[in-house]
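Features as listed in TrEMBL:
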TRANSMEM  A:105-124  transmembrane segment
TRANSMEM  A:131-151  transmembrane segment
DOMAIN    A:149-332  domain 'ABC transmembrane type-1'
TRANSMEM  A:157-179  transmembrane segment
TRANSMEM  A:200-227  transmembrane segment
TRANSMEM  A:279-300  transmembrane segment
TRANSMEM  A:354-372  transmembrane segment
TRANSMEM  A:448-465  transmembrane segment
DOMAIN    A:468-647  domain 'ABC transmembrane type-1'
TRANSMEM  A:471-491  transmembrane segment
TRANSMEM  A:587-609  transmembrane segment
TRANSMEM  A:629-647  transmembrane segment
Amino acid sequence: MRRWITWSTGFWVGLFAVTWLLSSYSFQLYKALDARWIVRFPKAYELPTESRISALLDWLVDSAHFVFFTFRDLTRAIAALIEIPYQFLRNLLIEGFQSGLGAEAVQIAPSLSWIAVIGVAVLIAHFARDLSLGALTGVCFLYLAVFGQWASAMVTMASVLIAVPIGAVGGLLLGIAAYRSPLFEKLLRPFLDLMQTVPVFAYLVPVLILFGFGPVAALVATVIYAMPPMVRVTIVALKAVPEEIKEAGRMVGCTRHQMMWKVLVPSASPALMVGVNQVIMLTLNMVIIASMIGAGGLGFDVLASLRRLDIGGGIEAGLAIVVMAIALDRVSQAFASRGVHEHRSGSYLKRHPWTSTSFAIIVGTLLLGQFIPAVQTYPKDLTITTGPFWTASIEWINVNFFDAFEAIKLVVLQGLLLPVKKFFTGIPWAWGIIATGLFAWKLAGWRMGLMAMLFMAFISASGLWGKTMVTIYLCGVSVFLASLIGIPLGIWAAERPRAGRVILGLMDTLQTLPSFVYLIPVVMLFRVGDFSAMIAVVLYALAPAVRYAAFGLREVPAHLIEAGRMAGCTPRQILFRIKLPLATPHLLLGLNQTIMLALSMLVITALVGTRDLGQEVYIALTKANAGQGIVAGLCVAFIAIIADRVVHAAADGQRRRLGL
Amino acid sequence: MKFLAAASALSLAALPVMADSADPIKLTLHDWSGQLITTTLMGEVLKAGGHNVEYVQADYIAQFAGLETGDLHVAMEIWETTGREAMDAATGTGKVVNLGSTGMDAIEEWWFPSYMKDVCPGLPNWEALNDCASEFATAETAPMGRYLGGPVTWGGFDDERVEALEMDFEVVHAGTDAALFAELESAYQRKAPIVLWIYSPHWAPAKYDGEFVEFPPYSVECYNDPSVGINPDAAYDCGKPTGPIWKVAHAGLQESHPDATKAIVNFNISNADMGAMVAEVDLNGKSVEETVAAWMDANQDTWKAWLN
């Protein structure tokens, strides 16, 4: 045991020392040997991936032909198919039904009134659990009306109501296919990894070209981003169905089809709802990016307010997204934990109280709305705004505390950011490939080591080594700080349930509040630069560190804590000697999620001005260069995949050592 | 049957002669107020002329793909200074046409708030700016002054300009213009030193009191020929070009909507009118629709002339 530790420690110290030496002296080495290839990947050997991918996409768009139709005909047909229900929902929720065009348009029927939408939402929540959930949902929707966000919120709602079913059902079907065929699962896995890790900005341009401009393209991009967790959850949930249930299904002579839809899917449904919940959250995360390519709605309001520095307006529209997320999240979770209810008997009204009440509200407000406009549309005079308050508070902080912030910033910048940046950007690419390989091999086995080396070689050969190192540095520092703040917060949340509720609620808000909303005040207080980017990343990536820490500590078996108490441990000892070591696998998974979120956020921080892969993806987007975007996106994905596998391997190793 | 034909001919004669198709013309909206105003104005004028109009949100550069295929029809603001490259690529395919200038001229240049004149009396002269470069220094750039440039995608050759004019400034690039103006707002609130990239027409020059820095005047030769200008060995030793804001359209629009295309070509508005409308929207909190309607009320003759 002792020997093993020394060997392992020696390995890490050696790896770090060599890397550090090479990083510090790579420039001198290049001068001494007159070998520029040490610090820069030789241009002549760079792979033409960018132009290849661009050419492939051009071919797909312009000339790919499947006998009867072109590839673009196919994607356009899909777009038209999605357009129908989407347009219907928009008409239903906000625009009203019209026939004819422009000046000759005649209104056939008005949209649902705001009262009707709120009423139906409350009833659905009541049906899902109880009256208090109904009240919460009602308050959330009322916020949208009172703060003047109604019209935009309903546009966003329409896209969520289309994207979530497509994502959930599509994910379910793919998951079932993967469950049935292990080969398909193997083929699917890398695609899922890429869908989750390639930044959305990278494929916006191809999606636009294939699916046409407008909300449908945004919906497609949203589904690509939001579906993978559903697939993964489905596979796990189906595999977890107890053998006895399957046996019972077989004994009553189920066909394959019946087995799946009458036995497996129903018994896995609570777990499946967790996947649906993920789809909802990710869909709402995409609202801002989707609005950049024409989804409109709340995301557009956030972007437009911030472009004119209307911080209050941005915060209100951002909070509207948060309350929508909260309402949808709580209701979907309620459906997940909802047991089977007894069948009611009696008249139709008695058997279907919710449906009939909804119907009554809709018809009632429809009729009343013809005479009283306030019933149809929330009166504009009654909306309130907190905009001036936010603007004034930011100004007050800015004028009074800027110098103090500046001092803190300098300390962090010089003590942490700059040295780490120098270390990473100094690593010569050739050693970087080897070092990553050794790192991955030690933690996750030789296969992963080989894969990591291939990934890093691809990055160097694409000419993106420098930007990748900046990405790793920014992401690394942010993850370090997020864990430093997040894990103690998580411990606190687990030890003190009341504080925990507040902390976890705050984390929900931070995660669903579009990062753009706080990016702008951060820039006002800390100027454009790495520090602002880092703060935004830390704020966004904090949530999983906190959540997994809290979850991990709560999951520690009670009998082990009891044993500790019997042995006379102080609460402090229980925490540090029992709970924390046992919670390490969860802490590591939290770390994994923190890394993933930090990487996805880096693309957003390119909007304040960083010089990393995020910027590369963003430049590609603004220049509509599909190839450049996808290559840079792949580089981000490769870093994410390496990090994911290594951390997972570490967590598994830890679990085995603890005998869990 | 004959009767029907006669009736339809009659009803056609009663309406103003319209060769245009009834399909809606799709105008693109981006995310800055000036562009929303220009586009809404065009759209409302077209509606007044009996055309059907649809507004579609699209990204400034990514929209060219849509303009080429005909998914989108008209983009009202392509800036010479930032959109030229993408516009040339699109018109080069023959599927997109340039419908001429909007009448507005884009200005992009280094800009400083007026209170900096107290610290640096020679402004707006660029040499005077350079003499007090240290006033603009921050901890990260010291001893150099800090100049906040636009996103790298905007081009502008600021790094080259600083080199060519041997200025003691370090160029820091903002990621988006939202970040750019956030810094300006912050500095302006504290009356702190700042010099940054500002463009016009925009609400910022209307809201904040300040001036553009005066560089040696731009010429094509200055950008292309190192020997021209103050520094005999470097290009870009002068200010930035100003240029028109263009209107572009899908090439097929001329066939399907000839009258509307004429109206779009005729569209013309001055920097001053646009600046006033942008200020109404961004500073006084009016909606784009209200502002456009007010302008159309006050300038009936102007826009009616576009339709003929």
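Residue numbers in this text run from 1 along the chain shown.
Keep in mind that glycine also has a Cβ here, set from the backbone N, Cα and C atoms.
Just so you know, TrEMBL annotations never went through curation; they're auto-generated.
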Of A:279-300, A:354-372, A:448-465, A:587-609, whichever stretch has the most CB pairs under 8 A to the transmembrane segment (A:471-491): A:587-609
Spatial neighbours of the transmembrane segment (A:105-124) far in sequence, C-beta under 8 Å, 6+ residues away: 91-99, 134-135, 137-138, 141-142, 145, 150, 154, 327, 331, 354, 357-358, 361-362, 365-366, 369, 375-378
Distant-in-sequence neighbours of the transmembrane segment (A:279-300), which means Cβ under 8 A and at least six residues beyond its ends: 149, 152-153, 155-156, 159-160, 163-164, 167-168, 171, 200-201, 204, 207-208, 213-215, 217-219, 221-222, 225-227, 229-230, 317-318, 320-321, 324-325, 328-329, 332, 511-512, 514, 516
Long-range environment of the transmembrane segment (A:354-372) - Cβ separation under 8 angstroms, sequence gap at least 6: 110, 112-113, 115-116, 119-120, 123-124, 126-127, 348
